[in-house]
Structures are given as C-alpha cells and as structure tokens.
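Asks: So Swiss-Prot says this about it:
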BINDING   225-228, 367-374, 411-415  GTP binding site
COMPBIAS  1-14  compositional bias 'Basic residues'
COMPBIAS  15-26  compositional bias 'Basic and acidic residues'
COMPBIAS  550-584  compositional bias 'Acidic residues'
DOMAIN    178-418  domain 'CP-type G'
MOD_RES   S32  phosphoserine
MOD_RES   S33  phosphoserine
MOD_RES   S34  phosphoserine
MOD_RES   T48  phosphothreonine
MOD_RES   T50  phosphothreonine
MOD_RES   S51  phosphoserine
MOD_RES   S68  phosphoserine
MOD_RES   S324  phosphoserine
MOD_RES   S561  phosphoserine
MOD_RES   S562  phosphoserine
MOD_RES   S563  phosphoserine
REGION    1-81  region 'Disordered'
REGION    547-607  region 'Disordered'
Amino acid sequence: MPRKKPFSVKQKKKQLQDKRERKRGLQDGLRSSSNSRSGSRERREEQTDTSDGESVTHHIRRLNQQPSQGLGPRGYDPNRYRLHFERDSREEVERRKRAAREQVLQPVSAELLELDIREVYQPGSVLDFPRRPPWSYEMSKEQLMSQEERSFQDYLGKIHGAYSSEKLSYFEHNLETWRQLWRVLEMSDIVLLITDIRHPVVNFPPALYEYVTGELGLALVLVLNKVDLAPPALVVAWKHYFHQHYPQLHVVLFTSFPRDPRTPQDPSSVLKKSRRRGRGWTRALGPEQLLRACEAITVGKVDLSSWREKIARDVAGATWGNGSGEEEEEEDGPAVLVEQQTDSAMEPTGPTQERYKDGVVTIGCVGFPNVGKSSLINGLVGRKVVSVSRTPGHTRYFQTYFLTPSVKLCDCPGLIFPSLLPRQLQVLAGIYPIAQIQEPYTAVGYLASRIPVQALLHLRHPEAEDPSAEHPWCAWDICEAWAEKRGYKTAKAARNDVYRAANSLLRLAVDGRLSLCFHPPGYSEQKGTWESHPETTELVVLQGRVGPAGDEEEEEEEELSSSCEEEGEEDRDADEEGEGDEETPTSAPGSSLAGRNPYALLGEDEC
C-alpha cells in the first residue's frame, strides 16, 4: 500500500474552491473580490457556450439554467429553450459601474422620449430574424437540423459582422426558440403581435411584419397591450402611428386589468398596491375589438358566433359577479382543451397548409418576453389557463388552447429580435431577467433621467445633512438612498445593499408602478391635439376612468411597508416558480398582502 502524502489545510481549501468553481461552470476561475451581498450575486459569469461549434456564439450567457444530469427518461432537456444572450465582458461591466458612481444624472427633454422605429431596427439592414431554410420531405431529421444550424450560424455571423457588440442590443441566440416561432407561423391563420403600450416600437420588428404579410400572406394583428399603464392620448397616438406606417395592420387595444375609476391617478402613489377585484380576467378590455378584427379578416369563412356568445357571457358574468375572489373564477366556465407542442417545432410542416382547416381559425400569439402574451390568452378565455410570471422566458414552448370549438389560440415563447436599442431600455422593458442582471445601476440611471424617481419615492440624498439642500444625484446615490429607505442591508457588514435596491427599483419600473412611457415622433408638439381627439375620449370611457363607480366591492390600498413581501416576490421571480400576473401596477388590481405572501403581515422584527 503506497504511503499517504501530507495534505495541508491550504491544499484542502484550494481543492474545495476548485470543486465549487467546477460546479458553477466557471472556466476562468475568477471569483468576485467583494464581500457584500451584491458581490455574491454578481460573482458568476456564465459558462462559455460552444454547443453550436462556431466562433460567433462563443460569448453566450445562458439564462434560467436548470440543474440537469443530462436528458430525462423521455429524452427531454429542461434547458432546451433557455434564453441565450451575448455575455457582457467583465471590463464593460466594471466600466458601467464606475459611470453609475461618477456620472451626474440630468433630466432629458420630452423630445428624447420619442422613438422612431427606423432608428431602432433600420429596416432593410441585416437586423432581420432567422428564417427556416428550404427543405424537402426526402431530407432526414438530422439533415434538416444540420441545415438549420448552418443557416442560423450564417445569420448570426452577418449581424455580428455588421455591428459591434456595443451597438447591438440583447437578442435571442438559441436556435431552439426560433424553431418555436417558425412552427407557430406555419400553423397560424392569423398572427397576433403583442406589444407593450409603454414602448411598442421596442416590441415591433418590421422584418416580422414584412415576412408575415408578404411572404406568408397572413393577416397581422398588432395588439397594444397594457393600455391601462399609459395615458389615453398616448395610446391613441401610437395607434395612429402604426396605422400610418403599416397600413396592412389591424390594431387592437387590450389590457387584462382595466383601470378602476376609483383608483387615484396620483403618480406619487408608487408604493401603493391595490387589492384585486374578483373575476378579474373576465374584465379584460379588448376581446370585442379582437373579435371584430378577426371577423374582418375571415370574411365569413369561419363561424365566429360562438366566440361572440362567449364574450357576451363573460361580460354578463363580470357584471353579475360580486367579486368573491379568484378561486371562484378559476372554477367557473367550461374546460379548455390544452395541447402542449413540445417537439412540434422540429416537424417539417410547411406554411402552405389549408387555411381555416375543419372550420377552425388558428390564432398565433407572438411577441417579446414579458409583453403579456399569456395574460392576453387568460383575458380572452376569461380565467387563468396559462401560467404567467414577471420573469421573461417563463413560457418554454408553445401551447394551443381552444377558446371555442372554432377558435384555437397558440401561445409562443417570447423572442427578442436584434435591434440597436440601448440595453438599459431592454432591461426596463422587462426583456432581460432582473434577478440575473450583472450590473443594474446604469438601467436605474437611464430611468431616473427620464422620470423623477427621487421625487416619486421621496428619497433623501445619502450625503445630505440638510434635507432641504440640493445635491447632485448619480445612479449609485439613488440605489443607496432607496436601500436606506427600505432597510436593505448586506448580510455580514450591514452596509446598504445597493444591488438589491437597484433590482427593487427595476421591478417597480417593469411592473408599471414607476411608469416610463415613450412617445411616437412628433407627439410633444401635437400633445394637445391627441388629448382632444375623439378616440381619446372614447378610450377614457371604455377604460372606465370616468363615470359612476358601480356596485363593486371596495378596494383597499396598502403601503409596502415591509421588505419581506418584496423579498418574496424577488425569490419567486428568480426561481421562476411564481405565477403572479405580468401586470401589477398601481392601476391594476392586485391581490391582498396576506394572499400573496403569508409573511407580509408580520412586523419587521418578525421577518
């Protein structure tokens, strides 16, 4: 038996460190030097992804990675549809951190809030989306997959060859997710492109419009979702902007949670959360408009009378219901047939299939992550049938739902198209998972330079001895002041946890409680015209912002005084186990504190 060699404590420590690094997937062995809680969250960079075998994708960050020991018993890979984004270099992250500490924030003018789609996507450039290459039934599955991978690598190579990483926004690098889009477009008779009304230009890729209306010859319906989060005049202005530039579009306004007329319109009530009214999904605004758009497209080729009858029943039920709670609405109504299409994206089915087959119209719902695709389906059905989450990438694969025997809905996973948007704006749009952001401070600075965050949250400058004195603010100061106000401290040193505070501010922005709305070109000059537009008045009445309150249950507002509730929301988002709604602003109904978090009613010392 060989003699045992001495093994020092230092060697043992190094062995354990190497073992932990291997488990975390760190190839370079770098570890964060920070001893704070924020440093522990930022310490990992994702493993280099070379699964596609090309140098174009050698700096890919894989988000929502699930622990897996290989394929499951049925050959299912839980990480097959995870988000793939280009990874920021460590030098770039450190540079942005320094800028967040040093750069003084200056408010921008209203003209800088105007977004032109030609500046974001540059139609006609290489900022396109990957198309499924030509194929034939004589090809095997392996040949088809190999051809698609080569085509996808060429697509990525053209984009990265034309633009530097600093100019490009985050966009999807996972071929499996693009295959889901191909399948949805091939099986759909009508395509719904869902966008967020706060920044619809961000969610509207012109290349998809040209492909759907031109090459496929399908009707495209643009859904401006979450209209309760924007002023009615701005909603009408965006509607006319898209009608003017894309005449083949059918534009529909939608929200799953119409604003209650008794909800105060005070922008300073950021920390107020409204209790959700009962039968919330049946109150969705927009199903009637969507039905009229589909009737104009199908022109009698499909019998949609059952859909109209369903909408009438939902409206009658919402009027009759006494708001007894969400449990009641989950049980009401007929069952909805759900089909999970986990591997259908790999099937070689062409887009030339029969339209309105068997008298059924298939409506495909596509769009960016976190724009409310799943919430829209719940609003159309009238109750919760689709799991929704604030975390982008929650929908892993497309599913089909029969709204009525003649109407089939198809929910596609969210996809990020390549553009030239600032990455900070993408974070504020909810495209990137907030819990996995390496450097959230510049996004906070981007937000604070466009809306008065300090005034809305009543923040006190961390270096101010006199509260009435004026001090210059930087993004780091705002995060530190919010951490002090909320009591966010690091675990060991009890310093202000600025990383957690920055994440909290970004969640408020994504949820709509810190609402940042962008405008179409020329809106600032014509704001008065849009405010007096007849469609604006009609939308105000439709949303229920004016008029009698009605015989509904009273709503209560409770202030977010406990940090435990917000921490619970953060954990649910990070683990992707939360099934909260994608829209939870002040104006939207929200469930009670006790219902959302059993620890929210405890005092600060009991958490």
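Keep in mind that glycine also has a Cβ here, set from the backbone N, Cα and C atoms.
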Asks: Helix, strand or coil: which one is P369 (GTP binding site) in, per DSSP?
Replies: coil
Asks: How do the residues of the compositional bias 'Basic residues' (1-14) split into helix, strand and coil according to DSSP?
Replies: 6 helix, 0 strand, 8 coil
Asks: Using a 10 Å radius around each Cβ and all protein chains in view, which of these binding-site residues has the most neighbours: D228, D411?
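Replies: Within the set of binding-site residues, the most crowded position is D228.
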Asks: Within 10 angstroms of the C-beta of N225 (GTP binding site), what count of other C-beta atoms is obtained when all protein chains are considered?
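Replies: Result for N225 (GTP binding site): 30 other Cβ atoms within 10 Å.
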Asks: For P369 (GTP binding site), what is the tally of other C-beta atoms lying within 10 angstroms of its C-beta?
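Replies: Its Cβ has 24 other Cβ atoms within 10 Å.
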Asks: DSSP secondary structure for N225 (GTP binding site), reduced to helix/strand/coil, please.
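Replies: N225 (GTP binding site) sits in a strand per DSSP.
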Asks: Would you count the other CB atoms within 10 A of the CB of G414 (GTP binding site), including those on all shown protein chains?
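Replies: Summing over all protein chains shown, G414 (GTP binding site) has 26 other Cβ atoms within 10 Å.
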Asks: Just counting, how many other CB atoms are there within 10 A of the CB of G372 (GTP binding site)?
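Replies: For G372 (GTP binding site), the count of other Cβ atoms within 10 Å is 26.
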